[in-house]
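Q: Quick paste of what TrEMBL says about this protein:
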SIGNAL    1-27  signal peptide
DOMAIN    31-70  domain 'Leucine-rich repeat-containing N-terminal plant-type'
DOMAIN    79-175  domain 'Disease resistance R13L4/SHOC-2-like LRR'
Amino acid sequence: MAAVFKTQSSFLKLWGLLAVVLAVAVAVKGNSEGDALYALRRSLSDPGNVLQSWDPNLVNPCTWFHVTCNGDNQVTRVDLGNSKLSGHLVPELGKLDHLQELYKNNIQGTIPKELGNLKSLISLDLYNNNISGTIPTSLGKLKNLVFLRLNDNKLTGPIPRELTSVSSLKVVDVSNNDLCGTIPTSGPFEHIPLNNFEHNPRLEGPELLGLATYDTNCS
């Protein structure tokens, strides 16, 4: 009988230890994602205090407004559209491993190359902002990306050919920018309407594969 009680006690201790390890892992994950989002908050001007709930002292950012999480308390969506925020995106956003959707408004600066680390990202909606610089080639690593809307910004440079390998892409809109070079015609771009590329004065039209380099006079 004593041996049975000893065995039960050992199992209870083991389960207790596993519970502590799991709780610590969740807290560490929450802190990592919370730190990334708080870095974003610090980069933004928030006249309406819509991010007041983004408190770095709270372990779990899933309790913050405008943040959606899955059942495992992992951040999957950040929606700050129509919040009258302004500022720029931060590289720390690349730490949100399970982020599926990112919506922003009144954003300036450039698109951080670290967004290419968001392997779960489905929708990247950064349209109608004041974003400048180039489209990062690292976005070609987003193999689950379906929606890429970068229209109505101040983006320059070519359309990265790395995006042609993202077979999940269904919607690409880069109209109303200052992109240059030619329009990709392979992979998912085969089915993207040409009006999604219009109003880029330096964009030369669809590329002719094998006949011309796509980035001619493009910088």
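Using the three backbone atoms N, Cα and C, a Cβ is placed for every residue, glycine included.
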Q: Tell me the residue counts in helix, strand and coil for the domain 'Disease resistance R13L4/SHOC-2-like LRR' (79-175), as DSSP assigns them.
A: 20 helix, 25 strand, 52 coil
Q: Given the model, what does the mean pLDDT over the domain 'Leucine-rich repeat-containing N-terminal plant-type' (31-70) come out as?
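A: That stretch averages a pLDDT of 90.
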Q: Reported in the order helix, strand, coil, what are the DSSP residue counts of the domain 'Leucine-rich repeat-containing N-terminal plant-type' (31-70)?
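A: So the domain 'Leucine-rich repeat-containing N-terminal plant-type' (31-70) is made up of 15 helix, 5 strand, 20 coil.
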